[in-house]
Amino acid sequence: MNPLPEDMENILTGSQSSHASVRDIHSINPTQLMARIESYEGREKKGISDVRRTFCLFVTFDLLFVTLLWIIELNVNGGIENTLEKEVVRYDYYSSYFDIFLLAVFRFKVLILAYAVCRLRHWWAIALTTAVTSAFLLAKVVLSKLFSQGAFGYVLPIISFILAWIETWFLDFKVLPQEAEEENRLLIVQDASERAALIPGGLSDGQFYSPPESEAGSENEAEEKQDSEKPLLEL
């Protein structure tokens, strides 16, 4: 028995794979697809994702934590009223902590405006705040006299620097990639639901049934058998 030609085998393999893919799409449960789509759309209607909300909470924590440290520093160095007048009214770049507090306010306003109000999906805003914070703190540590004023001369600049870079890491490695992944999942589910809707509900596996292929050379053998029987019939 001669083997099937390679072209015929490729055609049969392709037809079987196409039938299997159609059956896979048809086997998707429309109810599950609609439930997933509704869940994703519900997240979009909320306006802000859970991971972005966590980022905004951390930005708020940054402002409150730096403010708390600054208030403690005001109390430690002679009372709030006297120290406020010294650091705010008679502001001195080389000895005041007021600018570090303003730097935290700057980060809070820019990041909340960009990622909570405008719902920005790009890293340029966090890059701006982190670059400004890093440059200002490095210059202040090098030029000012904070280290001679006790522990807060070390704590406030270091804490502000660390919080700014944690915000950058959280947005770049958590918020933006996770939201992009959620969008891709929504597109995949919608595409699968559209494909499943295009297939009629009455289709079954029997409609894709292909009869078994006849053995190669069977027709030739039948003709030879008929030729061999002809002389016997003539006798």
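Glycine residues also receive a Cβ, built from the backbone N, Cα and C atoms like all the rest.
The feature compositional bias 'Basic and acidic residues' is assigned by TrEMBL to 223-235. The annotation domain 'MENTAL' is assigned in TrEMBL to 48-218. Among the features that TrEMBL reports, region 'Disordered' is placed at 200-235. Among the features that TrEMBL reports, transmembrane segment is placed at 55-76, 96-116, 123-139, 151-171.
Residues 48, 52, 55-56, 59-60, 62-63, 66-67, 70, 73, 86-88, 125-126, 128-129, 132-133, 136-137, 140, 146, 152, 156-157, 160, 164, 167, 171, 175 of the same chain lie 6 or more positions beyond the ends of the transmembrane segment (96-116) yet place their CB under 8 Å from a CB of it. Residues 54-55, 58-59, 62, 65-66, 69-70, 72-73, 76, 97, 100, 103-104, 107, 111, 115, 123, 126-127, 129-130, 133-134, 137, 140-141 of the same chain lie 6+ residues outside the transmembrane segment (151-171) yet bring a C-beta within less than 8 angstroms of a C-beta in it. Listed as Cβ neighbours of the transmembrane segment (123-139) (distance under 8 Å, sequence separation of 6 or more from its ends, same chain) are residues 99-100, 103, 106-107, 110-111, 114-115, 157, 160-161, 164-165, 167-168, 171-172, 176. Mean pLDDT for the domain 'MENTAL' (48-218) in this predicted model: 86.
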